[in-house]
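Here's what TrEMBL has on this protein:
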{"type": "DOMAIN", "residues": "1-248", "note": "domain 'G-protein coupled receptors family 2 profile 2'"}
{"type": "TRANSMEM", "residues": "26-49", "note": "transmembrane segment"}
{"type": "TRANSMEM", "residues": "61-87", "note": "transmembrane segment"}
{"type": "TRANSMEM", "residues": "99-124", "note": "transmembrane segment"}
{"type": "TRANSMEM", "residues": "157-176", "note": "transmembrane segment"}
{"type": "TRANSMEM", "residues": "197-214", "note": "transmembrane segment"}
{"type": "TRANSMEM", "residues": "226-249", "note": "transmembrane segment"}
Amino acid sequence: DVLKCSESDNISQHSTHRRKQYDHSVVIHVQLSGSLFLLHISFLCSVWFSGHRENDSVCQALGLLLHWCLLATFTWTAIEGFHLYLLVVRVFNIYIKRYLLKLSLVGWGVPTITVIICGVTKVYGKYTFYTGEENSTITPLCWISTQIVSYITVNGYLGLVMLFNMVMLGVLLVKMHKLRSQTLQIKDHQRRAWKEWVSLLGLSCVLGVPWVLAFSTHGPLSLPALYVFTILNSLQGLFIFLWFLTLMCQARKEEHSSSKGTIQVSFNSNDETVNTR
């Protein structure tokens with residue numbers, strides 16, 4: 001009976017642990033989706049205002065807002081990679097006190113501090129993008145008017161985030177390979193491998209891997225890379241939504257299986273008690 005009770009407790013603790021992981025993942029996905037939504041809205045407002053109005057103060061404010069939304073998107077993308085590391089590498093030993101609060105402070109605090117410093121130095125204003133051919137104008141934008149600040153706070157920060165997330169994706173690939181090598185005798189191995197690769201594709205979008213194409217928007221292939229970059233990143237929210245649905249279905253399936261296991265354990269315990277009598 002003691003053994004059965006301990007098994008039941010382990011099952012309930014495991015299901016509780018998985019539910020907490022699921023809840024944390026959902027909150028992080030929502031924060032990233034929110035930052036992406038704000039980024040798209042602020043970009044449209046910045047483009048529209050820079051082409052129709054001449055108020056420098058408002059343009060500076062829109063440039064600051066666009067910069068803040070972009071940095072928030074990058075930061076929450078990095079947090080997605082960090083959370084993936086905890087789920088895949090550390091698995092059970094991942095209790096962090098006030099975990100979501102600390103993530104929120106980092107996710108929204110780092111961009112806020114950065115744009116405050118940039119705002120004090122007055123680096124925001126109308127900026128005109130040019131192509132590499134005969135300096136032809138593409139479009140004006142309320143953005144960072146100082147190019148060195150843009151390189152450091154946008155390109156440099158994006159490079160660090162993508163490097164970190166690519167490493168996390170590589171760790172996930174190694175884990176998937178190890179699990180696949182341990183299940184070579186399973187009949188549905190090909191089906192499981194297909195599901196794993198689909199999951200990997202979804203994770204790549206969640207981790208912002210298409211943002212790497214931003215570094216290819218300069219040079220002879222800038223126009224095709226810009227089209228691919230725009231299409232993939234415009235669909236990032238859709239990919240996050242599909243990944244969220246996958247997580248939700250998986251969590252419900254695991255919750256159902258764990259509850260069935262608990263009921264079966266209790267029934268087995270009752271049967272043994274009757275037999276001993």
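Each Cβ is built from the backbone N, Cα and C atoms, and glycine gets one as well.
All TrEMBL annotations are machine predictions without curation.
Given the structure is predicted, the values throughout are model-derived calculations rather than measurements.
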Task: Mean of pLDDT values spanning the domain 'G-protein coupled receptors family 2 profile 2' (1-248) - done: 80
Task: Folded-back contacts onto the transmembrane segment (226-249), same chain, C-beta under 8 angstroms, at least six residues removed - done: 22, 25-26, 29, 32-33, 36-37, 199, 202-203, 205-206, 208, 210-211, 213-214, 216-217
